Amino acid sequence: MSTTKAVIPGSFDPITYGHIDIIDRSADRFDELHICVLKNSGKSGTFSIEERIALIEESVKHLNNVTVHHFNGLLVDFCDKIGAETIIRGLRAVSDFEYELRLTSMNKKLNSNVETMYMMTSTNYSFISSSVVKEVAAYKANVSDFVPVHVEKALNEKFKK
């Protein structure tokens, strides 16, 4: 039987409980889960790629089948490189779907062997985004309900609480 591999891409700037929810649930469904940290050209990052990887690795250390990577290039090329045929994308609300559909259509056009699966974020986390968490943290407010302790500490350091 072949190994099932999936990729969860994202900027993870920083990782939140919403991301971790999708990662945990995906790790139960695939033999190997690869988190691919991508630089979003439309956003300036708060954390470096290396910092994001470290924060993610700490957040998923309880999962033996999860590996964290950085990749410059097309996501479908990363999938080819590691032999993954599934991309997993989390959806918080219907408003996420239009953007995700465009990405899925482009990825399918670039590589017809790669399928995208959507997973709804648990309702507890459906309002959380990295951008909102950073904005709240920048105002020195408590973000412990949205991110793990080590991420909260990193945010506090970035925004010098």
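Note: Cβ is positioned from N, Cα and C throughout, glycine not excepted.
For Ser11, Lys43, Leu75, Arg89, the entry in Swiss-Prot reads substrate binding site. For Ser11, Phe12, His19, Gly90, Leu91, Arg92, Glu100, Tyr125, Ser126, Phe127, Ile128, Ser129, Ser130, Ser131, the entry in Swiss-Prot reads ATP binding site, with the evidence type sequence analysis. Residues or ranges marked as site 'Transition state stabilizer' by Swiss-Prot on the basis of sequence analysis: His19.
Features recorded in Swiss-Prot, as mapped to the structure shown.
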residue	record	Cβ within 10 Å
Ser11	substrate binding site	19
His19	ATP binding site	24
Leu75	substrate binding site	21
Arg89	substrate binding site	21
Leu91	ATP binding site	16
Glu100	ATP binding site	14
Ser126	ATP binding site	16
Ile128	ATP binding site	20
Ser130	ATP binding site	24
Those binding-site residues, out of Glu100, Ser126, Ile128, Ser130, that come within 10 angstroms of Arg89 (substrate binding site) at the Cα: Glu100
I want to verify one value. Collapsing DSSP to three states, which class is Ile128 (ATP binding site)? coil
Of the residues named as ATP binders, Ser11, Phe12, His19, Gly90, Leu91, Arg92, Glu100, Tyr125, Ser126, Phe127, Ile128, Ser129, Ser130, Ser131, how far apart in Å are the Cα atoms of the most distant pair? 18
Proximal residue to Leu75 (substrate binding site) among binding-site residues Leu91, Glu100, Ser126, Ser130 (C-alpha distance): Glu100
Cα distance, His19 (ATP binding site) to Ser11 (substrate binding site), nearest Å? 11
